[in-house]
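Participant: The following feature annotations were taken from TrEMBL:
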type: DOMAIN; residues: 1-325; note: domain 'SAM-dependent MTase RsmB/NOP-type'
type: BINDING; residues: CYS81, ALA82, ALA83, PRO84, GLY85, ASN86, LYS87, ASP105, ASP178; note: S-adenosyl-L-methionine binding site
type: ACT_SITE; residues: CYS248; note: active site, nucleophile
Amino acid sequence: MNYYYFIVVLFRFRKKVCKLDRGEFMLDYHLPHLLLVFPSGTALHDLELYKSKSLLIQDKASCFSPEILQPDPNSDVLDACAAPGNKTLQLVSMLSNKSTIFAVDRDPNRFRRFTENLIVNGVERLSIMDWSNSNKQNNKHRKSVQSSQPSVEAYCSDFLSIDPYNPKFSNVQSILLDPSCSGSGLSIRQPDGSEQYEKCTYKDSNNYTDEYNEEYTSRLKRLSNLQAMLLKHALKFPNVQRVVYSTCSIHPEENEAVVREIVDYASDKFYLETIWPYIASSSNSINQPIWKHRGLSDIYQCESCIRSSEKDLTNGFFVALFIKYQSNNSLNVTSSPPPSIMTTELGVPGNSSSTSNNNTPTSIVVNCNNNENVNLEKQELFTFKIRKKCRTNL
């Protein structure tokens, strides 16, 4: 397959997304098995499938971390900073009932909302654990033995306090680390809700000291130090093979600088894997998506990582993938050329207060953990027809 075919397809996908009308949606180019893209202003909260929790509202970039992690479906996974839980839900849909997800978050309020989110969205084998006695459950939430889902053990604890050599984690081969960050990639507000900052692109991030006050600069430094500590801790788990580090920040201090420090720290055991390569090579195939915007390479040599921004019709986001040497695991994120526009049958209503109010298309994730109201067989056939039609038109 000619490399430039992918460039043309990606350009056409972005163009089609920007031209979506009300009542239309598309399958995402990078995540067609997971993500539906709706035009800005769609009243998503009034969709029946959203009300039934068969669909989740999620920015596209926030779906990248679990997809890039690509854990072995029969191994255990550790979600190191798990709240609010959408990434954990995505992991649940990717793993078998032989797996366990260890989900950790240290903030009690966020942890409570996290567990509520999992319960409401159909996680069947959730155990809320007492960390002082890891075999004791703090609640009586259902734990279905016959479920096809993995078990989820949730801990309200600081990830740094967890012993990597605890036998409980001996089968953990994949770790997802999405730590607290400045939230500067979010278009609406900072995560703590304290202030609203002017939106800027990562090209402007070196000038943030002129835009923000000294307190914000100091906060960035503290966050960067904490993020590096968390990432170093993740690499200590003896059997871990794949570690994804992601933030919703545009600042290189929280992204490339952290990754560069870890590459120097663990270069004898881990290397940076190239995610969705954008360069022309013989390895490009129809089953591998591409991504244009890379990590900053002029100072940090992090072009293996990916960045996203409003140019990609997403929030600002950063993802890096570390793989242990001599691992047999490889990045295997499959995709297809973009489908044609579909007319929705999901019942998009008229005016509503629950609408997207910016110019970025809104994404919805199909919730595989709570799909009793979705005809999956019909959806899969319909999706196949759409992809086939797209290939013949290009």
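Here the Cβ of each residue, glycine as well, is placed from N, Cα and C on the backbone.
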Participant: How many neighbouring Cβ atoms, not counting its own, are there within 10 Å of the Cβ of GLY85 (S-adenosyl-L-methionine binding site)?
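Facilitator: Result for GLY85 (S-adenosyl-L-methionine binding site): 27 other Cβ atoms within 10 Å.
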Participant: Enter the number of other CB atoms within 10 angstroms of the CB of LYS87 (S-adenosyl-L-methionine binding site).
Facilitator: 25
Participant: For the residue listed as 'active site, nucleophile', which of the listed binding-site residues (CYS81, GLY85, LYS87, ASP178) have their CA atom within 10 A of its CA?
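Facilitator: The binding-site residues close to the residue listed as 'active site, nucleophile' (Cα within 10 Å), listed in sequence order, are ASP178.
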Participant: Comparing the recorded positions CYS81, ALA83, CYS248, which residue's C-beta has the most other C-beta atoms within 10 angstroms in this structure?
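Facilitator: Sorting the candidates by Cβ neighbours within 10 Å, the top entry is ALA83.
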Participant: May I ask which residues of the same chain, at least 6 positions away in sequence, place their Cβ under 8 angstroms from the Cβ of ASP178 (S-adenosyl-L-methionine binding site)?
Facilitator: SER65, ALA80, CYS81, LYS87, VAL244, TYR245, SER246, THR247
Participant: So around the S-adenosyl-L-methionine site, CYS81, ALA82, ALA83, PRO84, GLY85, ASN86, LYS87, ASP105, ASP178 aside, which residues have their CB within 8 A of the centroid of those CB atoms?
Facilitator: ASP79, THR88, ALA103, ARG110, PHE114
Participant: Between all pairs in CYS81, ALA82, ALA83, PRO84, GLY85, ASN86, LYS87, ASP105, ASP178 (listed as S-adenosyl-L-methionine binders), what's the biggest Cα distance, rounded to the nearest Å?
Facilitator: 13
Participant: Under a three-state reading of DSSP, tell me whether LYS87 (S-adenosyl-L-methionine binding site) is helix, strand or coil.
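Facilitator: For LYS87 (S-adenosyl-L-methionine binding site) - judged by DSSP and reduced to three states - the answer is helix.
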